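If you check Swiss-Prot, you get these features:
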type     : residues                                               : note
ACT_SITE : Asp251                                                 : active site, nucleophile
ACT_SITE : Glu505                                                 : active site, proton donor/acceptor
BINDING  : Trp250, Asp251, Ser320, Arg403, Asp404, Glu503, Arg523 : sucrose binding site
BINDING  : Asp398, Gln429, Asn468, Asp502                         : Ca(2+) binding site
COMPBIAS : 691-727                                                : compositional bias 'Low complexity'
MOD_RES  : Ala735                                                 : pentaglycyl murein peptidoglycan amidated alanine
MOTIF    : 732-736                                                : motif 'LPXTG sorting signal'
SIGNAL   : 1-36                                                   : signal peptide
SITE     : Asp404                                                 : site 'Transition state stabilizer'
Amino acid sequence: MLENKKHKKMSLSGKSLLMGTLSTAAIVLSASTVNAATNTDTVDNANASQVTTVKASASVNKNDNSGLKENATNDKVAGTETNLNSSLNSGKETSSQVNDSKEDSSSTQVGSTPISSAIINNGKASSDLNQDSDNISDHFKDNNSQGQSSTSSEKTELKGKIKEIVNNSGIDVTKLTNDQINNLNKVNFDNDPQDGTKLTLNDLDAIGQALIRRDPKYAVPYFNAKEIKNMDAAETKDAQTGKTETLEIWDSWPVQDPITGYVSNYKGYQLVIAMMGMPKKNDNHIYLLYNKYNDNEFSHWRNAGSIFGYNETPDLQEWSGSAIVNKDGSVQLFYTKNDTSNGKLNDQQLATANLKLNVDNNGVSIASVDNDHVIFIGDGKHYQTYDQFSNGKNRNRDNYTLRDPHVVEEENGDRYLVFEANTGSNNYQGEDQVYRWANYGGNDKFNVNNFLSYFGNNDDQALASVANGALGILKLSGDQNNPTVKLDDVYSPLVTSLMVSDEMERPDIVKVGNKYYLFSATRLSRGTKGEITRLANKVVGDNVAMIGFVSDSLTHGYVPLNGSGVVLTASVPANWRTATYSYYAVPIEGKENQLLITAYMTNRGEVAGKGNNSTWAPSFILQLNPDNTTTVLAKLTNQGVWVWNGDSENKNMIGSLEKDSPNSAALDGEWGKFIDWDAINSYSLKPHQPVTPNVPTTPEKPENPTTPNTPDTPRTPEVPTTPVKKTTQSELPKAGAKDGIAATILGAISSMLGVIGLAGISKRKRNN
């Protein structure tokens with residue numbers, strides 16, 4: 001027994017000696033290891049002043065008739081300032097001047113009044129604005145306190161054209177990592193397939209900056225919140241329950257004259273079709289509303305009921321579209337069928353139906369709905385199909401769209417549909433789009449910074465790789481009352497937003513004189529530049545906009561209005577009563593330089609308070625200038641005005657951003673109210689799901705959550721905020737004299753501990 005105890009003691013001593021020996025060896029190894037280590041510079045975003053000049057190439061569609069085969073290239077407005085710090089202090093834009101006229105000299109009242117104090121975004125106050133704005137543009141601020149980089153013998157070299165571009169950008173090439181250089185060397189400078197005009201990342205950035213600085217040329221006017229009412233005609237029989245319910249109303253469109261686009265005078269009435277449904281329910285169906293032509297009174301609107309009856313279900317919904325009058329007096333409706341049955345994620349299809357109406361002393365009623373059928377589900381080449389989407393990669397981040405058909409009739413009787421979609425296999429989504437230089441659209445510094453920013457942010461890069469928004473066009477065939485689509489009449493897109501955005505909603509073409517104006521509602525949060533969305537949400541409290549393009553031809557040649565495409569931008573927080581969206585432009589009879597802008601007001605789900613339902617907004621005037629610019633005018637109407645006349649203007653609707661003003665744009669209690677983005681977006685359509693970022697730090701709480709495919713599904717964020725980057729080094733620092741001394745001391749301490757006899761160390765499990 002004594003021998004055994006002695007043996008055990010000797011064994012413990014042996015372990016201690018072994019630990020001492022190993023620790024001594026560790027001193028030598030640690031010193032050599034530290035001396036051999038090199039530091040990889042981290043890359044962060046910093047603010048940089050960038051002046052960009054952009055040229056938009058508007059290419060002809062592939063499948064156009066021979067008479068349409070021409071290229072139109074137009075210069076965008078130059079001099080877009082992209083320094084957010086400076087733009088936040090500016091209420092004006094140094095772009096082209098607005099043509100003044102005696103009649104229309106009034107301008108929108110939206111100015112530079114601070115609004116950030118009115119906003120709380122998911123618990124995070126906007127006082128961090130300056131800190132966040134410092135992280136927008138310049139990707140190359142060196143965070144390494146030692147300023148060291150890899151030796152030239154270890155560095156990969158830039159090659160070819162990208163080398164010159166990086167040098168021109170003013171970026172220190174020595175600060176680039178090998179991974180960054182390898183990615184830059186993969187940049188694709190080839191010409192794009194001819195898929196119409198590009199909405200570039202630089203355009204998206206400029207749109208965001210205009211929104212953030214609340215540029216008065218583009219900002220939606222402030223409305224007097226105390227004047228806003230729910231719609232009387234929204235108290236009606238619900239399409240799903242068959243019972244009288246209080247409904248909300250949002251996306252709406254008038255029945256229009258097929259040639260002029262004016263709101264049709266249909267036997268003395270104006271007709272509007274609208275999406276309606278119960279608050280906080282998965283209830284999305286379309287109804288017919290009517291009022292006497294030229295009647296400006298909101299309370300006079302009446303509801304003719306659900307177009308497709310009262311046995312509707314949440315699984316089969318109708319979304320927005322357009323409508324015109326046929327030669328026989330019937331109404332041709334174009335709309336979106338949305339199928340969410342059997343687990344589908346918004347299987348959208350373009351559809352049409354023929355409506356025959358009765359008009360008598362009791363008003364307007366629906367006599368019959370005939371020839372209801374789907375006319376287009378995508379062709380796979382020009383436009384993505386649901387099967388391509390559902391079988392694709394990164395589906396949890398992808399956003400499938402094929403909706404919002406807008407009908408246009410040419411003078412020769414040919415009818416076309418313009419619609420929201422995603423690009424097909426001819427120019428498809430994918431990681432290769434992030435390498436396509438034409439998608440960036442800015443100067444060298446902007447392009448390089450943002451290219452590397454994608455590869456430093458897994459979330460934005462993943463979104464960019466699936467972003468493939470498109471505004472499409474096709475030609476209709478067959479009888480007016482029962483149209484069809486031939487595959488040969490499916491043209492390539494008018495506008496694409498590959499890598500930039502996955503969603504450009506509700507396209508609307510208005511012909512004014514000899515020009516075609518193409519508009520679309522969108523959100524910065526559907527784009528792939530997360531920083532600009534977060535900043536917009538902090539400064540303004542919302543990120544919605546309307547973009548626009550102009551061409552001399554219906555089927556090709558569109559160039560962005562105002563240089564970047566920005567036409568309208570949000571001006572108040574999304575949870576205020578006076579927040580607006582789903583903008584729709586209507587031509588004004590007798591006015592070739594003005595359009596009437598309609599919208600819905602108050603986001604769905606009672607986000608502005610109990611009983612404050614989504615309703616029609618007051619309309620306002622958009623000035624069209626001869627130099628392809630636009631200006632918002634402070635000419636407001638009652639709610640629900642679709643036909644502008646001499647009695648339409650109502651100055652009592654003009655609001656103010658002053659908190660205690662009697663015409664404040666905010667209701668009592670809205671100023672400084674917490675913005676719950678889950679609730680704001682809970683009725684949107686995007687099925688994105690968040691992905692855990694592959695970084696060691698804890699992500700911040702997302703400020704811009706996405707929307708689910710169905711309104712009753714619990715909401716998750718669409719664009720999680722970029723996680724806070726670690727300020728500590730993730731690798732061993734490059735050794736200096738102090739580092740060597742520190743390593744020696746640590747090794748000596750380890751030796752002492754080993755000699756003392758930490759025998760238990762040998763029992764620890766290794767972490768594999």
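Every residue, even glycine, has its Cβ placed from backbone N, Cα and C.
Known features from Swiss-Prot, placed on the structure.
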residue	record	DSSP (3 states)
Asp251	active site, nucleophile	strand
Ser320	sucrose binding site	strand
Asp398	Ca(2+) binding site	coil
Arg403	sucrose binding site	strand
Gln429	Ca(2+) binding site	coil
Asn468	Ca(2+) binding site	strand
Asp502	Ca(2+) binding site	coil
Arg523	sucrose binding site	strand
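In terms of Cα spacing, the binding-site residues Asp398, Asn468, Asp502 all stay beyond 10 Å of Asp404 (sucrose binding site). Listed in sequence order, the recorded positions from Asp251, Gln429, Asn468 having a Cα within 10 Å of the Cα of Glu503 (sucrose binding site) are Asn468. Checking Cα-Cα distances from Ser320 (sucrose binding site) against the recorded positions (Asp251, Gln429, Asn468, Asp502) with a 10 Å cut-off leaves Asp251, in sequence order.
The most densely surrounded of the binding-site residues Asp404, Asp502, Glu503 is Asp404 (count of other Cβ atoms within 10 A of its Cβ). Cβ-based neighbour count (10 Å, all protein chains) for Asn468 (Ca(2+) binding site) stands at 27.
Report note: the Ca(2+) site is defined by Asp398, Gln429, Asn468, Asp502, and the residues of the same chain whose CB lies within 8 Å of the CB centroid of those residues, excluding them, are Gln384, Asn399, Asn422, Thr423, Val466, Ala467, Gly469.
Between Asp502 (Ca(2+) binding site) and Arg523 (sucrose binding site), the C-alpha separation comes to 10 Å.
Within the model, the motif 'LPXTG sorting signal' (732-736) shows a mean pLDDT value of 32, rounded to a whole number. Using a 10 angstroms CA-CA radius around Arg523 (sucrose binding site), none of the recorded positions in Asp251, Asp398, Gln429, Asn468 qualify. Of the recorded residues, Glu505 (active site, proton donor/acceptor) and Gln429 (Ca(2+) binding site) place their C-alpha atoms 18 Å from one another. In this entry, Trp250, Asp251, Ser320, Arg403, Asp404, Glu503, Arg523 make up the residues listed for sucrose, with the farthest two CA atoms of the set 18 Å from each other. Within the same chain, the residues at least 6 positions away from Gln429 (Ca(2+) binding site) whose Cβ sits under 8 Å from its Cβ are Gln384, Gly392, Asp398, Asn422, Thr423, Ser465, Val466, Ala467, Asn468, Leu498, listed in sequence order. Straight-line distance linking the Cα atoms of Arg403 (sucrose binding site) and the residue listed as 'active site, nucleophile', rounded to a whole number, equals 12 Å.
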